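Please read the structure below before turning to the comments.
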Amino acid sequence: MSLSVFIDGAAGTTGLEIADRLGGRSEFDLIILDDTRRKDSSARKEALHAADFAILCLHDDAAREAVEMAQGSKVRIIDASTAHRVTPGWTYGFPEIVGREAVAGADRIANPGCYPTGFIALVAPLVRAGLLPADWPYTVNAVSGYSGGGKALIERFEEDRDIAFRAYGLGMGHKHVPEMTRYAGLAHAPVFAPSVIPAHRGMWVEVPLPLAAIPGAASVDALREGLAAFYADGLIVRVAEAGTPAEMLLRASMAPSDALTLHVFGSADGTQARLVAVLDNLGKGASGAAVQSLNLMAGLPETAGLAL
Ligand SMILES: NC(=O)C1=CN([C@@H]2O[C@H](COP(=O)(O)OP(=O)(O)OC[C@H]3O[C@@H](n4cnc5c(N)ncnc54)[C@H](OP(=O)(O)O)[C@@H]3O)[C@@H](O)[C@H]2O)C=CC1
Ligand SMILES: CC(=O)N[C@@H](CCC(=O)OP(=O)(O)O)C(=O)O
């Protein structure tokens, strides 16, 4: 018997990618409201009450509204928005970090933000293993494809081809900082410098480490080995071997991917390191992560339907 999945916000950037990943799968029947009904509260409520699972691909306010409308139903929810990521009673949908059983058994999953996916993947295992301190003031510099900003940013970048680079979050306080701090297990909020480039998808998340100045920090090799041990299954998150390429490129033509690759680069004298996560903001950074959690919640193979 197949399970019904309502994609609320299926016409949006994340929703379309989730529909693509689930579309050909016999385990799921998709409930998608047509254009005339997709914002109609009573149609959405009816779908929420009919479905086994709902994936909310909405802005925060509409996601909160959907959760309220679902009250009294049996539906299990995966919320792609920022609304519930540090809310009590919600499980953070990052199986590698919070545990696969926690995700499999949850009824309310908050899908991680795209930038936090890279940052937490790099820092959480190292802090947990005592290879980096929890109380260091970390920084995170990141670059995203413009699809990370949804339909509005896509339209802006596709209309104004003259934008070569967009820095933002200049007043600090980006909405991703609370989840980064919480799930990386940090004592201080990281300084977060996000930016956007004229590529549809793709993401680079980097944590520079002045190792010689960080009390208790492990060596470059020990950091890489710590990450490799943590992600030993290599299913979705992979740790690159040691090596220093002359350059690394994000390509504007990048194909959709649900993988996440972590790199640890270090200076020859071992005093400095750069932790780098490379991912697709729409893959492991959004839709791929939602499908991974859905697979686990439905008791299916974790990577079913993912592009790896
Ligand atoms: N894009 C990304 O890389 C990532 C996105 N996310 C999060 O996922 C969520 C969705 O983002 P994204 O897909 O990028 O955004 P989009 O703007 O592309 O899509 C949002 C969709 O929601 C629809 N919508 C708006 N209000 C309602 C409503 N009241 N009822 C039903 N549908 C509504 C919009 O309609 P209309 O088409 O008419 O505008 C649109 O289709 C956001 O919370 C975002 O922060 C998370 C991680 C990464
Ligand atoms: C490029 C861009 O604008 N990115 C978005 C984050 C995308 C994401 O992760 O979505 P959530 O809003 O669900 O956290 C931003 O910085 O607000």
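Residue 1 is the first one shown; counting continues down the chain.
The backbone N, Cα and C atoms fix where each Cβ goes, and this holds for glycine too.
Please treat TrEMBL annotations as automatic predictions, because they have not gone through curation.
As a whole-number mean, the pLDDT of the domain 'Semialdehyde dehydrogenase NAD-binding' (4-105) in this prediction is 98. The domain 'Semialdehyde dehydrogenase NAD-binding' feature in TrEMBL is assigned to 4-105.
Secondary structure from DSSP puts Cys114 (active site) in a helix. Around Cys114 (active site), a 10 Å sphere centred on its CB holds 27 further CB atoms from the protein chains shown. The active site annotation in TrEMBL covers Cys114.
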Structural state census, the domain 'Semialdehyde dehydrogenase NAD-binding' (4-105) (DSSP three-state): 40 helix, 19 strand, 43 coil
